[in-house]
């Protein structure tokens, strides 16, 4: 895989709360230079990013119910509609992890579907299951519920919890959702070796703040 192909699999990410206007402008400039799949930013920065990326192939991705997933489904649905109205092309939502652990699967599916329905095919929906907090059984169940609810992708992590993507989790997620659904690895992908390992195991998208280092074959210690 060459640098250009790899770049098209990466969501160039900055989700730090202290990200200012200059940070977003730099992120978008880099995304245009490398032709990354998208920039992934907090909702407050969607309008600016949409303006900076207008007319390019680079998509605007934002986060919903982030990073805890503990908002109500009504709030997540509103966030989704608002983000799309402001220019988002993709939304990465966090599941209700506590309800999953309660085995309240009906709620978890409805919560995901609320975002899928709010997106109304105007934006891709990615479902963050926060793998580091789940058992193997819970990871499988979360992926099954995301697929059943009609989401486009399952995603490993927020990057704000106790761990990120692992090749093993990506393999399990890919085996669970089958060949057609997207699988996004995020959190802890900081080198070309990390990227190749998750791609080999079934990732079709990578969320990273170390995107440039990955494409240039370097190692970064950067975090979201």
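Every residue, even glycine, has its Cβ placed from backbone N, Cα and C.
Marked as active site, proton donor/acceptor by Swiss-Prot on the basis of sequence analysis: 92 (among others). Annotation for residue 92 (active site, proton donor/acceptor): spatial neighbours 40, 61, 62, 63, 64, 66, 126, 127, 128, 155, 184, 207, criterion Cβ-Cβ under 8 Å with sequence separation of six or more. In the three-state DSSP assignment, the secondary structure recorded for residue 92 (active site, proton donor/acceptor) is strand.
In the three-state DSSP scheme, residue 155 (active site, schiff-base intermediate with acetaldehyde) is classed as strand. Annotation source Swiss-Prot lists active site, schiff-base intermediate with acetaldehyde at 155, citing sequence analysis.
Feature annotation from Swiss-Prot assigns active site, proton donor/acceptor to 184 (among others). Under the DSSP three-state reduction, residue 184 (active site, proton donor/acceptor) is assigned to strand.
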